[in-house]
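Summarising the annotation, TrEMBL assigns compositional bias 'Low complexity' to A:281-291. The domain 'ABC transmembrane type-1' annotation in TrEMBL covers A:67-257. Annotation source TrEMBL lists region 'Disordered' at A:268-291. Residues or ranges marked as transmembrane segment by TrEMBL: A:12-35, A:71-93, A:105-129, A:135-158, A:179-204, A:238-257.
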């Protein structure tokens, strides 16, 4: 290797490490300050180590309620969005029908619309229709903008799969739903799980759309935003860290199960599966958008 | 059912598609159409609104808030360029040099996503605090005046936006670069192109779909963002998202808010088309989906 090449590689490596560091500094600070023994309202300067906030993360009942709402909303949203999105993805990849291209473009549109427009127009409709905003309007909004992400993620998995397997099932007399539940779904399961994790993560984290459609209901991001004026309590850092760890565990679990299943398949068929397992959750999301 | 087999076959895809499409029609398309009609209404929250085709709402919205519009595009554009500069070498390294570290690096790029967005933005308040380490160092090297600050300026808002949307730039760039057949580059160097020429004439043009997708994924949400301006700026740094939000939730001036969000959408759509012409991306959806 020439010296100039080595210098170039080093420069690239250092730049990349610095970029990753840039991405991580805020995350690191949030975790660090969850252990801060802060005096006063603000949690901005390091004043000593304590585990107090970790022992009692739900000391503030408002925060506890906001977190509970966020988790419930995410759970309902995930189930609905995965159901609607998976079926849509199957329709868009496994069948040919009139208006398919238009439908695909339509599904992509919410992702290309600024969130503030999504939130504002939904609120305007609820106002016109005389619907009070609250828990369920948040769920409706979250399902609306997570469905597209589910479609993209599941579609990426479907496109890498052999359609003849499903045709074989139908040739052997399986009906549409039998084929879907016994053949398609098991094959795309890793993609569906990845989409579910992604949908849950987007829902729990959303501030913009939620702020329009929440009414008097508090969620975790709304609570944090509201708390910025009086100082964000360290318990928020604790819960944020817990969420991060929770999502990581789910992703790891998904990956481990996928690997175990792939190993089992190899043992049965005695040859490697034609498709590599889908990458971890987020890579399947935004990168599929780009692909 | 009294349908023939071929008729039923044609219905099958709709069975799968209709629940999801219906949801998007009712809660995405209809609200947008409704928003369009609200933007042409006059009235007030107490007396109610009526459709009067008040197109002057649009002209006055533009003249009243052109400053916030310009600022939105300026901040979003600056953040997009910064992200492109930061992300390209990183994506290049991950695609060609990272070897067995590649998957770990991908995970590290997306991991911050799973820490709360608002909380990450709040932590930039801490990083850019007036007496913080970063600002002190910037003062030392003279980039910030001795009594100057970073927080509550446009710089802080741009930094926050660039930070929050960086992964959206890295991932599509990585995908585009990783997909390039390296034999093209080898062929170019074999034919006596210098490293730089090979990069400029081969790698860069082939990476354009990634640059396109990444820029849109950063620019579009950045234009409508109001969290960064609200938390890291002051009303003097407010973007169009802040105006829409306060019109809707505080001032209750729905027609103006609706008109503003439509103008934002239109400008973004026109921008996308122009940008795709500029980069020579023929099929818009092909590049974006």
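Cβ coordinates are placed from backbone N, Cα and C, and glycine is handled just like the others.
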Checklist entry - Quick one: do the transmembrane segment (A:71-93) and the transmembrane segment (A:238-257) have at least 3 Cβ pairs under 8 Å, skipping pairs fewer than 6 apart in sequence? => result no
Checklist entry - Is it true that the transmembrane segment (A:12-35) and the transmembrane segment (A:238-257) have 3 or more Cβ pairs under 8 Å, skipping pairs fewer than 6 apart in sequence? => result yes
Checklist outcome for this item: In the same chain, residues at least 6 away from the ends of the transmembrane segment (A:179-204) whose Cβ sits under 8 Å of its Cβ atoms read 70-71, 73-75, 77-78, 81-82, 85-86, 90, 94, 142, 145-146, 149-150, 153-154, 156-158, 161, 165-166, 169-170, 220-221, 243, 247, 250-251, 254, 257-258, 261, 277-278, 280-282, 284-285
Checklist entry - Looking only at residues six or more beyond either end of the transmembrane segment (A:135-158), which have a C-beta under 8 A from one in the stretch? => result 69, 72-74, 76-78, 80-82, 84-86, 88-90, 92-94, 107-111, 115, 118-119, 122, 126, 188, 190-192, 194-196, 198-199, 202-203, 206, 209-210, 212-215, 217, 219, 278, 281, 284-285, 288-289, 291
Next on the checklist: Please report, as numbers and ranges, the same-chain residues at least 6 past the borders of the transmembrane segment (A:238-257) whose CB is under 8 Å from any CB of it.
Outcome noted: 27, 30-31, 34, 53-54, 57, 63, 67, 190, 193-194, 197, 200-201, 204, 220, 277, 280-281
